[in-house]
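In what follows, a structure is listed as structure tokens, so that the remarks can point back to it.
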Amino acid sequence: MTQRTTGVPLGRRPWFLLSAVVVAALVLAGLVRGLVVQTFTVPSESMEPTISVDDRIAVWRPDALTGSIGRGDIVVIDGRGSFVSGQNSSLGQKVGSWFGVGPRDVFYVKRVIGVGGDRVKCCDDEGKLLVNGEPLDEPYLAGAGGGASGSGAGEGGTQAARASDVDFDVEVPPDRLWLMGDNRANSTDSRNLLSRPGGGMIRKSDAVGVVIGHGSSIDRTEEG
């Protein structure tokens, strides 16, 4: 008696294998996008001159997933429940955002000024922020100017103007962040939330990741 075998006909196997490879590649790309690197296009001037309008930024996800975010890091935040009022980000929405599913206008890019346990105050007699009593030199700030929170950079890359025209003295709770834009005159950041529940503190769990590149360094990267 001859035993019959079943399976994919020999003539179709190359196409079957090719389809399997394509599916595997798409799954791998999705995992990389969701768990390793995401890219965004910055729509606002809040981080100028460090990051300009329409710059593309690459965001490293593992630092957010492990909570390895420190002072000075530039991060992308899911603003639902903080900067985006009237919305709260569910677990499903957060996971969806990792894979590029959902709205894109809920993300904000800011610099970390304080982490859990820090005391952040504005300002000393020279107009600098104080972090745990130590003046913070911020040569990256936007050029001097007026506005809600004018700041400036002087010659030689030194801070020339007051770091914020909004006075504050806050202590950052565990697992929270105090965030500010480099363009203090045109930035919606922790200062705008001082009078709201939470007092301007952003949940570390709302961080999408840490910016690791922007502009020409990722011009050929697909937006995600």
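Cβ from N, Cα, C; glycine included.
Per TrEMBL, the features are:
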type     : residues : note
DOMAIN   : 20-211   : domain 'Peptidase S26'
ACT_SITE : S46      : active site
ACT_SITE : K110     : active site
REGION   : 142-166  : region 'Disordered'
COMPBIAS : 143-157  : compositional bias 'Gly residues'
REGION   : 179-198  : region 'Disordered'
COMPBIAS : 184-193  : compositional bias 'Polar residues'
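The average pLDDT for the domain 'Peptidase S26' (20-211) in the predicted structure is 82. K110 (active site) sits 8 Å from S46 (active site), taking the C-alpha atoms as the reference points. Other C-beta atoms found within 10 angstroms of the C-beta of K110 (active site) number 27, with every protein chain shown included. There are 23 other CB atoms within 10 A of the CB of S46 (active site), with all protein chains counted.
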